[in-house]
Amino acid sequence: MKHSFYQEDELLNNELSNRGFLLTKVDDVIGWARANSLWPMTFGLACCAVEMMQAAASRYDMDRFGMLFRPSPRQSDLMIVAGTLTNKMAPALRKVYDQMAEPKWVLSMGSCANGGGYYHFSYSVVRGCDRIVPVDVYVPGCPPTAEALIYGLMQLQKKIKRTTGFKYDARQTH
């Protein structure tokens, strides 16, 4: 009886799983590890940072997602930009982003970080942090709720799990 490659893989997987082994691809394991051990660095600029603190507190407990807030960009792989980004603060944001190790992700939180928000037409406001750093996930709201932030983080985890191998992100950097 001849089997196709997929049937052989399925038979091997069933046989090994009955013995307590796991058969998977290395890319899947790497994606799972990266997605479930994010180390965010906060870049709280305004009132959205208060909602971010609420999401990290005991009611929502971001630690259950494997997140550990880090004070240094060199130890972080996720930057959460929360609040109004001014023209004076933009070079500092870019410098902190450049100090992060690859692979790195950015989550833009709130209307001000996404597109300038209420202060969109002010001369001193950057109309979206995506003009300075590449953004992976946008969380809308003014300010967004803690639930919205956690939903955005879950979407980022799904995105990270879809990436394969040791290739770094091919996003355009400015």
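Cβ from N, Cα, C; glycine included.
As recorded in Swiss-Prot, the features of this protein are as follows:
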- C47, C48, C112, C142: [4Fe-4S] cluster binding site (BINDING)
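The [4Fe-4S] cluster site is set by C47, C48, C112, C142; from the centre of their CB atoms, other residues of the chain with a CB within 8 Å are A46, A82, G83, T84, M109, G110, S111, A113, G117, G141, P143, P144.
Note on the binding-site residues C47, C48: the fewest other CB atoms within 10 A surround the CB of C47. Listed in sequence order, G110, S111, C112, G117, Y118 are the same-chain residues six or more apart from C142 ([4Fe-4S] cluster binding site) with CB atoms under 8 A from its CB. Under the three-state DSSP scheme, C142 ([4Fe-4S] cluster binding site) falls in the coil class.
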